[in-house]
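As written in Swiss-Prot, here are the features:
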- Arg235: active site (ACT_SITE)
- Glu264: active site (ACT_SITE)
- His297: active site, proton donor (ACT_SITE)
- Arg156, Ile157, Asp176, Ala206, Pro207, Asn212, Cys233, Ala234, Arg235, Asp259: NAD(+) binding site (BINDING)
Amino acid sequence: MKVLCYGVRDVELPIFEACNKEFGYDIKCVPDYLNTKETAEMAAGFDAVILRGNCFANKQNLDIYKKLGVKYILTRTAGTDHIDKEYAKELGFPMAFVPRYSPNAIAELAVTQAMMLLRHTAYTTSRTAKKNFKVDAFMFSKEVRNCTVGVVGLGRIGRVAAQIFHGMGATVIGEDVFEIKGIEDYCTQVSLDEVLEKSDIITIHAPYIKENGAVVTRDFLKKMKDGAILVNCARGQLVDTEAVIEAVESGKLGGYGCDVLDGEASVFGKDLEGQKLENPLFEKLVDLYPRVLITPHLGSYTDEAVKNMVEVSYQNLKDLAETGDCPNKIK
């Protein structure tokens, strides 16, 4: 079976090849994202495509796939918003996704961003890179063991983040719509209002549910402690970007770290150095560095996470091809 894998970076290629030894697919990995007619036409002669985030299987591209004879559409992501699922079903495409992969990858990045903001390391190293070795008042910080950390969303990633913060000595509290068992040793589950009221650092690990809209709103931010740090390594749509900008500018937020943006496809994966960003909110966020830290959706950009995503995607394809079904089928 011939498989086209989109958005594969050079460092990931050995993982795609190593994982394929078990499956024996005829794979071609390209760095391109599925975002134009031309990139869709790359699938000519292939039986299946494996997408990643910011690859858009919209009506235009799905029609091209159908015309080219592509049989299966897979995404090596937990999110599936980049696929027009209803139209793909109309065209008869079996689809599958990767519901989970290394939770440590995303949790570690969230903790890293929080600690960079807490200890002001981005600010400090940007100065020392210019040979300014003075220590100023902005560099002064609390120790994390003297902080309360709030985790919004106690799924697999949120629980790992809670464990890491607990291991560093922080008092960890968390909120989830479900009662979570087995976390008592490292996290106390409380209401969202209590998380907002008490936390010096809040890290978001909730799923995005379109019908519910953003979680981080002006009201959410208003309830937070003055000067608290907020981190979002979950979904860009969970955050009202304009409200966050206002909170950072006013000093309500001590800092904001994110690995995701609402509408990130317009900037992530592109070198826009020296250019004015089309989205004025993104331009404002960038200008707020080092109080705002942005990473370009690389939470899953680790050895273990990529291995998990590729292995599950290959297995999904095998299951769909052999049985027409798989545990991770998009229905």
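Each residue, glycine too, has its Cβ placed from N, Cα and C.
Comparing Cβ neighbour counts within 10 Å across the recorded positions Arg156, Arg235, His297, the minimum falls on Arg156. Long-range Cβ proximity for Glu264 (active site), meaning a same-chain Cβ under 8 A and a gap of 6 or more residues, is found for Asn54, Gly236, Pro296, His297. According to DSSP, Pro207 (NAD(+) binding site) is assigned to coil rather than to any helix or strand. Long-range Cβ contacts of Cys233 (NAD(+) binding site) within its own chain (separation 6+, distance under 8 Å): Ile106, Leu109, Ala110, Gln113, Thr203, Ile204, His205, Gly257, Cys258, Asp259, Val260, Gly299. In this structure, the CA atom of Pro207 (NAD(+) binding site) is 7 Å away from the CA atom of Arg235 (active site).
Of the residues the record lists as binding NAD(+), namely Arg156, Ile157, Asp176, Ala206, Pro207, Asn212, Cys233, Ala234, Arg235, Asp259, the two whose Cα atoms sit farthest apart are 21 Å from each other. A gap of 15 Å separates the Cα atoms of Arg156 (NAD(+) binding site) and Arg235 (active site).
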